[in-house]
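Database features (Swiss-Prot):
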| type | residues | note |
| --- | --- | --- |
| TRANSMEM | 13-33 | transmembrane segment |
| TRANSMEM | 48-68 | transmembrane segment |
| TRANSMEM | 79-99 | transmembrane segment |
| TRANSMEM | 109-129 | transmembrane segment |
| TRANSMEM | 139-159 | transmembrane segment |
| TRANSMEM | 163-183 | transmembrane segment |
| TRANSMEM | 200-220 | transmembrane segment |
| TRANSMEM | 228-248 | transmembrane segment |
| TRANSMEM | 272-292 | transmembrane segment |
| TRANSMEM | 358-378 | transmembrane segment |
| TRANSMEM | 399-421 | transmembrane segment |
| TRANSMEM | 475-495 | transmembrane segment |
Amino acid sequence: MDTTTAKQASTKFVVLGLLLGILMSAMDNTIVATAMGNIVADLGSFDKFAWVTASYMVAVMAGMPIYGKLSDMYGRKRFFLFGLIFFLIGSALCGIAQTMNQLIIFRAIQGIGGGALLPIAFTIIFDLFPPEKRGKMSGMFGAVFGLSSVLGPLLGAIITDSISWHWVFYINVPIGALSLFFIIRYYKESLEHRKQKIDWGGAITLVVSIVCLMFALELGGKTYDWNSIQIIGLFIVFAVFFIAFFIVERKAEEPIISFWMFKNRLFATAQILAFLYGGTFIILAVFIPIFVQAVYGSSATSAGFILTPMMIGSVIGSMIGGIFQTKASFRNLMLISVIAFFIGMLLLSNMTPDTARVWLTVFMMISGFGVGFNFSLLPAASMNDLEPRFRGTANSTNSFLRSFGMTLGVTIFGTVQTNVFTNKLNDAFSGMKGSAGSGAAQNIGDPQEIFQAGTRSQIPDAILNRIIDAMSSSITYVFLLALIPIVLAAVTILFMGKARVKTTAEMTKKAN
């Protein structure tokens with residue numbers, strides 16, 4: 001095998017290793033959410049279940065900006081491997097957890113590793129490939145990310161139903177081990193890096209502010225009331241340390257986040273879009289399965305399968321966005337994305353309990369197609385105009401804002417859906433005569449419990465139909481509200497300019 005062929009083979013294995021890492025990290029939170037009912041039933045401590053997600057997301061989000069900067073300073077490989085090893089250790093420990101407290105701690109360990117995988121993987125692709133090949137690769141990586149995000153609920157339901165909840169964590173071990181082998185064996189990177197000063201002040205203030213904000217968002221309205229001293233205190237500490245972070249970063253020699261990047265129009269708009277898209281597309285993965293299970297009366301596994309059309313649309317959109325990066329501007333490609341996303345969400349917002357499932361499939365495919373573009377285009381746009389030594393910071397910022405948008409979107413839209421559902425129930429039963437109606441709304445606990453097959457069959461049709469209408473209306477109302485951030489995204493896209501990915505030949509010609 002000659003040198004060129006050997007290098008190409010090595011690169012393919014590196015790409016495979018990175019794809020496996022993205023598959024695990026992107027799928028993890030949604031696959032675990034599906035299994036939470038079984039986990040609580042086995043380990044108990046229902047009052048602590050919110051901490052299982054919170055501890056993981058806090059660790060992931062706190063680590064993302066730090067890993068991005070460190071990978072710029074000291075190399076991608078070592079920090080990707082560090083994240084991978086921590087993620088695998090955390091996954092194995094989660095699988096053997098005997099108490100809810102243990103699971104919470106082990107999820108935090110898993111999150112410490114998970115924060116490195118996604119941003120560094122995308123950055124390595126930019127380091128490995130010339131501009132004309134990056135689009136295809138970023139399209140592939142974006143497709144895997146989008147696929148993983150919606151594959152999680154389906155896979156989680158299947159594993160939980162057929163094996164046990166422990167395997168939603170154990171499944172990461174063989175996947176991660178393969179990724180570890182491919183990266184160690186085939187990814188070659190210089191081990192020499194110039195000595196640089198780490199911005200400890202920025203790192204500490206940023207981590208503390210993110211930890212407080214994420215805990216407030218994850219636990220508010222669940223473990224603690226929004227107006228409780230705990231949540232208000234977390235928001236206050238977040239504000240103090242976030243202001244301190246800005247002050248420290250202005251004076252730092254090597255800031256964790258270089259704010260001068262936001263003076264670049266393409267970079268700035270890509271970050272805004274990552275936040276808006278993240279906060280909007282996640283509600284599809286969350287509420288569509290609930291709609292199918294609650295309104296149509298499907299099983300949890302069947303509800304997971306309903307996300308398949310969105311997966312297909314997302315993969316197609318991501319690949320198209322990646323392939324055409326050198327042929328069309330980021331703005332024009334993202335306009336196609338946002339138009340499809342808007343149409344799909346608008347159609348979803350008009351669903352009723354009588355909407356045929358075939359139409360739901362079509363609406364989801366349209367939405368998924370629109371969403372898919374952002375997975376490949378926005379990381380590329382973030383790094384497009386920057387030198388290699390800033391790519392890690394740029395992409396980790398993009399990944400952070402997308403994840404933050406997802407967390408905020410679930411929190412805000414989840415609260416809205418719950419409130420609308422409760423109000424609709426009260427309105428529906430206020431007109432019913434007799435005790436069957438007067439206490440029905442108050443006796444309803446977790447809406448998803450009601451729509452389990454065993455429970456559903458015991459509810460009188462007159463009451464069940466009203467509950468279904470309330471659930472349907474509350475979810476479609478959320479889809480209607482989601483049009484607001486999509487419109488804001490459309491306006492933001494108009495400011496992206498005419499930039500596109502330039503090929504190597506074009507850059508050489510310009511340099512000469």
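Every residue gets a Cβ built from N, Cα and C, even glycine.
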For the transmembrane segment (163-183), find every same-chain residue at least 6 residues outside the stretch whose CB is under 8 Å from a CB in it, and list them.
13-14, 16-18, 20-21, 23-24, 28, 31-32, 34-35, 38-39, 42, 77, 80-81, 84-85, 87-88, 91-92, 94-96, 155-156
If we call contact 3 or more Cβ pairs under 8 Å (sequence gap 6 or more), are the transmembrane segment (139-159) and the transmembrane segment (358-378) touching?
yes
May I ask for the residues of the chain that lie six or more residues beyond the transmembrane segment (228-248) and have a Cβ under 8 Å from a Cβ within it?
199, 201-202, 205-206, 208-209, 212-213, 215-216, 219-220
Determine which residues of the chain contact the transmembrane segment (475-495) at the Cβ level, with the cut-off under 8 Å and only residues 6 or more beyond its ends counted.
265, 269, 272-273, 276-277, 279-280, 283, 287, 290-291, 295, 331, 334-335, 338-339, 341-342, 345-346, 348-352, 409, 413, 416-417, 420
Should the transmembrane segment (272-292) and the transmembrane segment (79-99) be scored as in contact, given a threshold of at least 3 Cβ pairs under 8 Å and pairs 6 or more apart?
no
Count the Cβ pairs between the transmembrane segment (79-99) and the transmembrane segment (200-220) that lie under 8 angstroms and are 6 or more residues apart in sequence, then report whether there are at least 3.
no
Establish whether the number of Cβ pairs under 8 Å between the transmembrane segment (48-68) and the transmembrane segment (200-220) reaches at least three, counting only pairs separated by 6 or more residues.
yes
Close approaches to the transmembrane segment (109-129) from elsewhere in its chain (Cβ under 8 angstroms; 6 or more beyond its ends):
11, 14-15, 18-19, 21-22, 24-26, 28, 55-64, 66-68, 71, 76, 79-80, 82-91, 93-94, 137-138, 141, 145, 187, 379-380, 383, 388, 391-392, 395-396, 398-400
At a C-beta cut-off of under 8 Å, are there same-chain residues at least 6 beyond the transmembrane segment (200-220) that contact it? List them, or none.
50-51, 53-54, 57-58, 61-62, 65-66, 226, 230-231, 234-235, 237-238, 241-242, 244-245, 248-249, 252, 255-257, 407-408, 411
